[in-house]
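Feature annotations, reproduced from Swiss-Prot:
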CARBOHYD  Asn60  N-linked glycosylation site
CARBOHYD  Asn94  N-linked glycosylation site
CARBOHYD  Asn106  N-linked glycosylation site
REPEAT    121-145  repeat 'LRR 1'
REPEAT    146-168  repeat 'LRR 2'
REPEAT    169-193  repeat 'LRR 3'
REPEAT    194-217  repeat 'LRR 4'
REPEAT    219-240  repeat 'LRR 5'
REPEAT    242-263  repeat 'LRR 6'
REPEAT    264-287  repeat 'LRR 7'
REPEAT    289-311  repeat 'LRR 8'
CARBOHYD  Asn289  N-linked glycosylation site
REPEAT    312-335  repeat 'LRR 9'
CARBOHYD  Asn340  N-linked glycosylation site
REGION    404-494  region 'Contains the Ser-Pro(4) repeats'
COMPBIAS  422-479  compositional bias 'Pro residues'
REGION    422-482  region 'Disordered'
Amino acid sequence: MKNNTTQSLLLLLLFFFFFFEISHSLSISSNAPLSDTEVRFIQRRQLLYYRDEFGDRGENVTVDPSLIFENPRLRSAYIALQAWKQAILSDPNNITVNWIGSNVCNYTGVFCSKALDNRKIRTVAGIDLNHADIAGYLPEELGLLTDLALFHVNSNRFCGTVPHKFKQLKLLFELDLSNNRFAGKFPTVVLHLPSLKFLDLRFNEFEGTVPKELFSKNLDAIFINHNRFRFELPENFGDSPVSVIVLANNHFHGCIPTSLVEMKNLNEIIFMNNGLNSCLPADIGRLKNVTVFDVSFNELVGPLPESVGGMVEVEQLNVAHNLLSGKIPASICQLPKLENFTYSYNFFTGEAPVCLRLSEFDDRRNCLPGRPAQRSSRQCSAFLSRPSVDCGSFGCGRSVVKPSPPIVALPPPPPPSPPLPPPVYSPPPSPPVFSPPPSPPVYSPPPPPSIHYSSPPPPPVHHSSPPPPSPEFEGPLPPVIGVSYASPPPPPFY
């Protein structure tokens with residue numbers, strides 16, 4: 001009797017579970033906006049398919065035997081796209097309504113081209129579902145699209161994680177997942193994409209650290225702004241060959257690595273609204289090609305280096321909302337292409353007259369005598385009475401391995417005189433090693449209190465260096481894919 005009761009309870013629980021699952025699926029399949037509860041349900045549902053981090057997640061796609069495909073690769077693409085269609089839970093614009101049948105090259109948002117390794121066959125080379133407002137997740141079967149060069153799904157409602165099987169996309173050139181609801185740790189699968197040049201993860205919910213290997217990849221553009229990443233920039237940051245990197249609105253802290261000045265290809269860099277708390281590298285002026293330089297809304301200290309006057313291509317320069325001090329060098333305000341110089345909300349005490357003749361500048365809330373809208377004398381006195389900053393105390397340079405002291409071999413004893421018994425020689429004592437007296441301790445001022453600001457969105461980014469040419473498409477091209485990265489950053493999605 002007891003066993004029958006237990007079985008009845010189990011059956012009842014299973015009934016309620018499946019009823020809950022079906023009711024949620026039906027409600028989510030409607031065109032109404034997804035609530036936060038439904039988003040969490042989708043994320044849980046996605047995780048149910050994972051057996052472990054590297055396990056398969058199948059969508060049980062059945063291929064109708066009556067369907068005829070041009071080649072096996074398009075058959076694999078059909079499986080991938082049908083699995084994705086099953087994983088889509090809301091498609092208010094009916095983008096995927098024509099994802100039916102074997103002619104996948106006619107699917108909306110799918111673009112075919114001749115295979116690079118066999119020009120006689122067509123294969124799926126690009127997917128562009130930007131601004132489609134689709135909700136769902138990315139199934140593992142997308143790894144079957146092994147000829148894919150472009151994958152653009154920005155401004156949708158995809159959530160969950162990036163499939164591990166993406167590592168099979170060896171030809172993937174551009175990956176744009178921006179302005180969605182992806183979450184979890186940094187998708188390390190992107191480190192295994194050998195052809196990747198453009199990576200856009202901005203406006204998502206990724207969190208944790210960013211692997212330092214990202215900055216060793218041969219990328220041209222990195223957008224990871226507006227996430228929840230929290231880490232210190234690694235020493236190899238300057239090894240990155242990118243022309244554009246945007247890290248704004250995360251939780252980075254610590255140093256701006258001195259290796260930054262070695263980024264010879266860099267055109268645009270935006271660090272705004274993080275927690276960086278060091279000095280600017282003294283030789284920052286070596287960045288001769290930078291047009292946009294934004295380190296606003298951080299906790300940077302010390303002077304504005306004189307070498308900034310060597311950034312001859314800079315057009316937008318923003319160091320506002322920091323703890324910088326000293327005088328603004330005249331050479332900065334004389335930069336030939338400078339259009340906008342913002343240095344408000346710091347503690348600068350002097351600026352060259354030429355700075356006041358710039359077409360656009362902002363010097364408010366400093367300690368500049370004779371200028372309007374400055375800090376109070378009390379604020380300025382309190383800050384400027386602190387000990388001067390020792391920029392070397394932050395240890396922001398690459399670590400240097402000190403070589404071991406050379407081993408000095410003692411000279412061999414002279415040969416003994418024949419008529420005398422050989423004398424016994426004791427090796428001479430080693431010369432005393434002089435230890436210099438310890439240098440006096442360098443006073444490091446206490447770190448400034450954390451300052452939290454309400455940050456505006458980053459300035460529009462204008463990219464100037466196009467990547468290598470994308471593969472040719474036989475069908476209509478998606479709008480502006482990979483040419484100068486002209487798509488504006490998506491708005492925050494809340």
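Note that Cβ sites are derived from N, Cα and C of the backbone, with glycine treated the same way.
Overlay of Swiss-Prot feature records on the structure.
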| residue | record | Cβ contacts under 8 Å, 6 or more apart |
| --- | --- | --- |
| Asn60 | N-linked glycosylation site | none |
| Asn94 | N-linked glycosylation site | none |
| Asn106 | N-linked glycosylation site | Asn98 |
| Asn289 | N-linked glycosylation site | Lys264, Asn265, Leu266, Asn267, Glu313 |
| Asn340 | N-linked glycosylation site | Glu315, Gln316, Leu317, Asn318, Ser359, Glu360, Phe361 |
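The repeat 'LRR 4' (194-217) scores a mean pLDDT of 98 in the predicted structure.
According to DSSP, the secondary structure content of the repeat 'LRR 3' (169-193) in residues is 5 helix, 8 strand, 12 coil. A coil conformation is recorded for Asn60 (N-linked glycosylation site) in the three-state DSSP classification, outside any helix or strand. Under 8 Å from some Cβ of the repeat 'LRR 6' (242-263) lie the Cβ atoms of residues 202, 219-236, 269-281, 283-284, 286-287, 294-295, 300, 394-398, 455, 458, 461, 463-465, 485, 489, all in the same chain and six or more residues away from its ends. According to its DSSP assignment, Asn106 (N-linked glycosylation site) is helical.
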